[in-house]
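Take a look at the structure below.
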């Protein structure tokens, strides 16, 4: 067979090259893109076309987003902000948007470089864990809903104590959840307190449920000067379902025993009437919620890694949060390196990654975006849209429904290849027999 290949090389070279082209065609691209015009992007300064500065830089040079998309109406972005930052802190931007295919390129504006801690001897790593859990919930839910926005949550508290701000660090002040001060008629924090709140107007709500995980010491107004173990819960008064957890760590808020900080879980709650209950220490309850509306057929979100140049410390919490099957993560292998604006804005590789938003593709999958829906040498994993060699892959089930056109095309190509090989074998065998007879 090897000798035959050598003899056939001039005639079979084109056939072999043709097969190579067919089976190396339509590779997945490392971009974020969309199947149609029903898409939306949540971002920060790298996609904020409204940001204004007067420092002599070229207009829009801070963008990773192509400026052609500035007037698309499909972008909600704010310089210096993020969904997580707006959710928890006074520094708020009213993110809102709707689409079938949702893309996130934000998160870096709350990172280890900010070093936020709730208390003087708190733990920023606890906040990185909060960030990961927050985005995991957001990504999971936005694979099932079209619309995301923020809403305020009002509450009714029967006591005399007022809200207090106990989580402040540098420029950030926490206001979600809200903490209720100790009632003046109690000498310590060993008492049960509660407040009612109502969630209405959305299909689901993402709210924080947080505790100070460790041993909290009472304030200077607490004569008992004791340590307390935080315990918080939300009770759905309509369904009877209780959500809650307690402090579990043996840490405090002192130089000798640091680490006490807020640990949050992010609940997806249905509309209804709720009661927030604290069995010890400070009562907390949500003041803001992410409003989820308009359920849709399952469509994974796409998340672009949001990080600084290596001169500033970043985290990988959006990558931790972005898990299959509800999320596809996109990144580059190089350090983020900005151009004319500064090192943190205008990276060439991230601009290439976001350039996929300029056009539609046929298929979005774990490996990337497939431009065409005919054939590919890479099988789309968790593919959505009209994917090469296969149509939609169902949720949680890697079983493909074959698209007949690519299969027929492959069959035709295979049939032609077999016929050509048989013809060439017959031709050379006949030619060899004639020459042998003449010899």
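Backbone N, Cα and C atoms are what each Cβ position is placed from, and that goes for glycine too.
According to Swiss-Prot, the N-linked glycosylation site annotation covers 94, 152, 196, 246, 309, 316, 331, 360, 374. According to Swiss-Prot, the region 'Esterase domain 1' annotation covers 12-132. As annotated by Swiss-Prot, region 'Esterase domain 2' applies to 282-395, with the evidence given as sequence analysis. The signal peptide annotation in Swiss-Prot covers 1-22 and rests on sequence analysis. Positions annotated as topological domain 'Intravirion' by Swiss-Prot, on the basis of sequence analysis: 429-439. Feature annotation from Swiss-Prot assigns transmembrane segment to 408-428; the stated evidence is sequence analysis.
Per Cα geometry, 316 is the residue among the glycosylation sites 246, 309, 316, 331, 374 nearest to residue 94 (N-linked glycosylation site). Within 10 Å of the C-beta of residue 316 (N-linked glycosylation site) we count 15 further C-beta atoms, all protein chains included. The C-beta environment of residue 246 (N-linked glycosylation site), restricted to residues of the same chain at least 6 apart in sequence and closer than 8 Å, consists of 211, 229, 230, 231. Residue 309 (N-linked glycosylation site) has its Cα within 10 Å of the Cα of none of the glycosylation sites 196, 316, 331, 374.
Between the alpha carbons (Cα) of residue 316 (N-linked glycosylation site) and residue 360 (N-linked glycosylation site) lies a span of roughly 29 Å.
If you average pLDDT over the topological domain 'Intravirion' (429-439) in this model, you get 54. Taking Cα separation as the measure, residue 152 (N-linked glycosylation site) is nearest to 196 of the glycosylation sites 196, 331, 360, 374. Secondary structure counts, DSSP: the region 'Esterase domain 1' (12-132) has 33 helix, 19 strand, 69 coil.
Residue density at residue 152 (N-linked glycosylation site): 9 other Cβ atoms are found within 10 A of its Cβ, drawing on all protein chains shown. Per Cα geometry, 360 is the residue among the glycosylation sites 196, 360, 374 nearest to residue 331 (N-linked glycosylation site).
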